[in-house]
Amino acid sequence: MSAIVDIIGREILDSRGNPTVECDVLLESGTMGRAAVPSGASTGSREAIELRDGEAGRYNGKGVLKAVEHINTEISEAIMGLDASEQAFLDKTLLELDGTDNKSRLGANAMLAVSMAVAKAAAEEAGLPLYRYFGGSGAMQLPVPMMNIVNGGAHANNSLDIQEFMIVPVSQPTFREALRCGAEVFHALKKILSDRGMSTAVGDEGGFAPNFGSNDECLSTILQAIEKAGYRAGEDVLLALDCAASEFYHDGKYQLAGEGLQLSSAEFTDYLATLADKFPIVSIEDGMHESDWEGWKLLTDRLGKKVQLVGDDLFVTNTRILKEGIEKGIANSILIKINQIGTLTETFAAIEMAKRAGYTAVISHRSGETEDSTIADIAVGLNAGQIKTGSLSRSDRISKYNQLLRIEEDLGDIASYPGKSAFYNLR
C-alpha cells in the first residue's frame, strides 16, 4: 500500500506573476509527488471555481492562501493514510469533501493540485514514468501539437479579435521533427515581422502579438512564414484558430472590433467558412459563444465535416455538458483543461466520453502556466492525439514540449506520431 503520510500546500507564482497553488504529497516509502496548477485568462462561465482570496491589498486580490489552507487542513485530514494508487477513490473523497457542484468551497485549484500530486507520487512509487502510469502498455502515441504563434484577444494587447493563430505540423514522421518544423516556422515569422518593422514582443502563451490590420492579413503572413521555413502550407503544416468567441460576443452579436464588424451567428458562421475556404484551417476552437448553441449548430452543420470544431468554454471539460453536446450534434471535439474540472478522474472521464462518441480530445494548457508538465504525460498516457501548449518560446510552454521529447525517446521504436490521422473526426 502506498499510504499518504504528509501533504503540503503552498502558494507559488504562475507565468503571469499571479499566485497559484502547488502541492507536495509524501508517501510512506519516502516517495514524493509535486504538482502545480495553471490558471486561465478567458474562462468559461461553467468552469469549476478556482478559489482566490479576494484581499485587495495582496496580489490585487488574486492570492490563493485560502486554497492552500484547505490543502493543509481539511483535505490533508481527509486523505491522510489513503492509498495513493487508488486515484478514483481519492478523487471521490475530494469531491465529497467539497460537496458543491462547482468546487467552490475547497476550490478547484486546491483539489487539482492534490489530485495531480497524488498521481505523481504513486507513479514514482510504482517505478513508472507518469505517462505509463496513466496509460499502461497502450500509451505510445505522441500528440500533434497546435502551436500558438500569434496571440490576440485576451492573450495580447493588440487589435486582433481572434485569440490564437496556430500552426499544426502534420507530415513529419516523429514528434521531434514536428517540433523542429514548428520552431523553424516560428523563427521565420519573427524575421518577417522584424523586416516589416512590426512588434516581435510575445503574448501570454509565447506567440507574437503584432498589430495586424485583419485576421486575413495575419493568416496570410503565417503562410509566408511556413513557405520561408521551407515547408508547404496545407501539406506539411496546417492552421488552427481559437476564436474565444465568448470574449467578443455582446448584445447578441459577434463584435470584431479590430475589423469594425458586428455579425449575427449566421454571419459569423459565413465569416469563418470563408476563412476555412481561403486558408488550410483544420481546427477552429470556440467558434461561437458558449451559450449560443443555435450558432454552434449552424457552425457544426456548415463546417463539421471538414474542420475540427473544438468546444472549450462550450464544454469546460465537463461530461454532463459534453453529453448534451454530443446528443445535439454540437461541435466534434473537446478541449481538455484539467483545471476546468478539478480532478484527474473527471478529466479522464471526459476524454473517454469524447472518444466513444467519435469526438477528438485536445489536451490543453492555460494562459497562466507553470513549469509543471503533467499535461504532456496525460496527452501520451491517454493517447489523446493532440496537444495545445503554446508557442515556441517561454519556458512555461517549452517545458511541455521538452517532456514530450523525453517521452518519445523513452518509448523508442514503439513511439508513433499520428499527423493528419489525429483528426479522425473529419474522416
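Every residue, even glycine, has its Cβ placed from backbone N, Cα and C.
Swiss-Prot lists Glu285, Asp312 as binding Mg(2+), and of Asp236, Asp242, Asp372, Asp377 the one it places in that same site is Asp242. According to Swiss-Prot, the residue from Lys190, Lys191, Lys337, Lys400 that belongs to the (2R)-2-phosphoglycerate site alongside Gln163, Arg366, Ser367, Lys388 is Lys337. Considering only the recorded positions Asp242, Glu285, Lys337, Lys388, Glu205 (active site, proton donor) has Lys388 as its nearest partner by CA-CA distance. Each residue contributes its Cα atom, and for Arg366 ((2R)-2-phosphoglycerate binding site) and Lys337 (active site, proton acceptor) these two points are 7 Å apart. In this record, (2R)-2-phosphoglycerate is bound by Gln163, Lys337, Arg366, Ser367, Lys388; the longest C-alpha to C-alpha distance in that set is 17 Å.
With a 10 A radius on its CB, Asp312 (Mg(2+) binding site) counts 29 other CB atoms from all the protein chains.
Recorded residues Gln163 ((2R)-2-phosphoglycerate binding site) and Lys337 (active site, proton acceptor) have their alpha carbons 17 Å apart, per Cα-Cα distance.
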